[in-house]
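Listed features, source TrEMBL:
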- 16-34: transmembrane segment (TRANSMEM)
- 43-64: transmembrane segment (TRANSMEM)
- 76-94: transmembrane segment (TRANSMEM)
- 165-189: transmembrane segment (TRANSMEM)
- 209-235: transmembrane segment (TRANSMEM)
- 271-289: transmembrane segment (TRANSMEM)
- 301-323: transmembrane segment (TRANSMEM)
- 356-373: transmembrane segment (TRANSMEM)
- 393-426: transmembrane segment (TRANSMEM)
- 438-458: transmembrane segment (TRANSMEM)
- 478-498: transmembrane segment (TRANSMEM)
Amino acid sequence: FPFLGILPSNKVCPQYFLDTNFLFLSGLIMASAIEEWNLHRRIALRVLMLVGVQPARLILGMMLTTSFLSMWLSNTASTAMMLPIANAILKSLFGDKDPSKDMNRENEENQASLQQNKLYTVPTEMQFLASTEDKDLAEDKEISSDVLSDIKKEEEYKTNIWKGFLISIPYAASIGGTATLTGTAPNLILLGQLKSYFPECDVVNFGSWFMFAFPLMLIFLLMGWLWISILYGGINLRGWKTKKSNIRVDAEARAKEVIKEDYQKLGPTKFAEQAIFFFFCMFAIMLFSRDPKFIPGWASLFAPGFISDAVTGITIVIILFFFPSQKPSFRWWFDLKAPNTETQPLLTWRKAQETVPWNIILLLGGGFAMAKGCEESGLSVWIGGRLHPLEGVPPPVAVILITVVIALFTEFASNTATIIIFLPVLAELAIRLKVNPLYLMIPGTIGCSYAFMLPVSTPPNSIAFSSGHLMVKDMARTGLLMNLMGVLLLSLAMNTWAKSIFQLGTFPAWANIHAENATSLVTAVENVTLSAL
């Protein structure tokens, strides 16, 4: 940008360290502390113990846990953490599984599709189990056709449940990331671009976003669970009263034991885990209560405009670097002979350096710099001027069209790249339609996370696909209806409870100021063009 005369360096560089970046950084540091003390694993296993071991309930437990973790950790980290737990449970459920010829053929197709997509492959659990079986069991035996039919049905049931488990985790991660501002990068890019385009806009913060997005996430998660459970046999609509086979009863008992055993391996809850959980709750509560809009928040006790979500987040995570990981003893102060040993804090800076994905911070900064370049150069205004055909479209229809287009676009492109491209255009389109810019920008932002159909759509999809059990057609079949449900539920949310939270029914004053600035910018661009001609 500086070389091309678009923006000077003193305007480009600050975009990499906006307070939005520091809000995201505080979330990443909190996630590092949670992972350091295995609190995430304890939460996951505890939830799975509570929901039960029937396949449909386990899938629900997996989705609830993954989505909750994804609200605070990155979607990729949540998926990578939950998949080993899912594999351990599946292995206990289906440890005696004999891979059939159909499964072997499916695995070959998987390997071919993985190579075509250039994704990393790992040996599947079924292949591993098949390779370790006793060879003597492979002797030919005379088996009746009824038994063979039952075995075939059981094999199909196991294969479907396996797929349902694996496909539910990345989907839940993508859905869960939409519930908080720090859950995924597109949400933060929306916040940063709002501050750049509409500096007077103060209706979007951590609390207001959570009030809007959390109910939407819960509804979508429940609908997605029902769809996956019905599609992959976790819920049998035709056989509610069908008696379970002894094989399934034994498998569920083994799965319950595996979960219980893994939980017991964690040992009693440590002081460090309790401290991290306390600061995590403080982190969330202080962000929610800073400026909830419907009542005065605690930030009203300080000078207006000085306390942001980033200040709140960074304040909490700084404490992690000096708070002790072991319970402090008051006797030490009065015991002159007590050893003067150094106490390990909840999180060290070295650990934070190693675990925080700093590339995401730079990616966010690049997105903000790109948006600033589009704004300052007049590109976003120029693109907005080419959107005349859409000016006659009713706003509710525009919301559905925008969500569909972005959801399809993000199947093939990065979520971050997609939202960087579309947000400036949506802001200009909203001004031309004379509707609240948030009415179009929020659906565009959340629509970026609704990428369910292809392995390459999101990193969580790729991680689950690389296990070798899923095929492209499985993701496409399941993801098509997920995308459709997401678009319809998002449209419903924008036209109901979002209107009162973000005051979407009126064209706000802060958008009027931008519209006047844009008009003057267009006039200036036209004058420069004419003088050049």
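Numbering starts at 1 and runs along the chain as displayed.
A Cβ is built for glycine as well, from the same backbone N, Cα and C atoms used for every other residue.
Non-local neighbours of the transmembrane segment (271-289) in the same chain are 26, 30, 33-34, 37-39, 42, 72, 206-207, 210, 297-298, 309, 312-313, 315-317, 319-320, 323, 325-327, 346; each lies 6+ residues outside the stretch with a CB under 8 Å from one of its CB atoms. Using a cut-off of 8 Å between Cβ atoms, the transmembrane segment (393-426) and the transmembrane segment (478-498) share at least three residue pairs, counting only pairs 6 or more apart in sequence. When the stretches 16-34, 43-64, 76-94, 165-189, 478-498 are ranked by Cβ pairs under 8 Å to the transmembrane segment (356-373), first place goes to 16-34. The listed stretches are 43-64, 76-94, 209-235, 301-323, 478-498; of these, 209-235 has the most Cβ pairs under 8 Å to the transmembrane segment (165-189). Remote same-chain residues near the transmembrane segment (16-34) are listed as 40, 72-74, 77, 181-182, 185, 188, 191-192, 195, 206, 276, 279-280, 283, 308-311, 313-314, 316-317, 320, 346-347, 351-352, 355-357, 360-362, 364-366, 368-369 (criterion: CB distance under 8 Å, separation of at least six residues from the stretch ends).
In this chain, the transmembrane segment (43-64) lies apart from the transmembrane segment (478-498): fewer than three C-beta pairs between them fall below 8 angstroms, excluding pairs fewer than 6 positions apart. Non-local neighbours of the transmembrane segment (76-94) in the same chain are 31, 35, 40-41, 44-45, 48, 55, 58, 62, 65-66, 69-70, 125-126, 129, 158, 161-162, 165-166, 169-170, 173, 176, 251-252, 254-255, 257-259, 262, 459-460, 463-464, 467; each lies 6+ residues outside the stretch with a CB under 8 Å from one of its CB atoms.
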